[in-house]
């Protein structure tokens with residue numbers, strides 16, 4: 001589901017010709033990272049954990065796969081925060097938004113995000129802190145986690161960090177939604193377009209839905225069921241479902257809450273969004 005939903009989203013946005021739109025650029029790049037994570041997990045991690053194929057347990061192969069997974073994971077985590085901030089500045093301070101999220105700066109942020117994630121993994125790779133397959137618990141773990149360097153790496157990419165980022169994103173999204181509702185309520189009702197309201201609110205709801213789902217998913221699969229993650233019988237099911245659902249739902253929730261993409265999928269319109277309450281260049 002993660003492969004289909006995320007790469008379908010990339011294709012649809014490309015067909016919509018919205019790749020000159022900073023918000024949609026962020027959506028597409030997030031979908032690429034999520035889709036790549038899901039694809040690698042589907043092709044390598046799932047067969048390895050289910051069938052325990054000897055050739056897949058090769059340490060060099062595990063290192064390369066783990067490097068790709070963690071680069072996608074870290075990049076996607078950062079981009080979630082960037083998307084929430086994108087909506088916050090678009091709603092709260094359109095003038096600052098136009099400068100802060102210009103096409104050039106948006107692309108620079110994306111490049112920096114990827115370089116940071118890649119470099120972080122590369123630095124710790126020199127300390128031999130990559131991911132390996134743990135046959136006892138049928139999952140992928142950081143090797144040499146008892147050493148100071150690898151312990152630091154394990155904490156840096158832990159779900160506690162993701163949970164902290166997601167909590168911050170949630171409060172930013174709540175503020176954005178409250179601000180947008182205030183803007184809509186204070187505008188002249190005769191000038192208010194229903195489609196415009198749905199478009200603006202849809203963007204914010206999309207960001208919030210992704211954040212809320214991320215929080216719930218991390219809490220349920222990795223905190224509430226944490227004892228099962230290190231269980232020989234259920235560890236495979238819990239970790240696989242947790243990771244796959246986590247990255248699949250970004251694309252699914254975009255289809256549900258983004259009004260432009262929803263109209264495109266349903267064949268109702270191939271046009272861009274109607275004018276916005278917060279300025280015509282706020283997206």
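Yeah, the Cβs are placed from backbone N, Cα and C, and that goes for glycine too.
What TrEMBL lists as domain 'G-protein coupled receptors family 1 profile' is 5-223. Taken together, the residues in the domain 'G-protein coupled receptors family 1 profile' (5-223) have a mean pLDDT of 85 on the 0 to 100 scale.
Among the features that TrEMBL reports, transmembrane segment is placed at 23-44 (among others).
If you look at the transmembrane segment (64-83), the same-chain residues 6 or more away from its ends with a CB under 8 A from one of its CBs are 23, 26-27, 29-30, 33-34, 36-37, 40-41, 44-45, 109-110, 113-114, 116-118, 120-121, 125, 130-132, 140, 157, 161-162, 165-166, 168-169, 207, 210-211, 214, 247, 250. The transmembrane segment annotation in TrEMBL covers 64-83 (among others).
Taken from TrEMBL, the feature transmembrane segment applies to 104-127 (among others).
Feature annotation from TrEMBL assigns transmembrane segment to 157-178 (among others).
The transmembrane segment feature in TrEMBL is assigned to 207-228 (among others).
Per TrEMBL, the feature transmembrane segment maps to 234-258 (among others).
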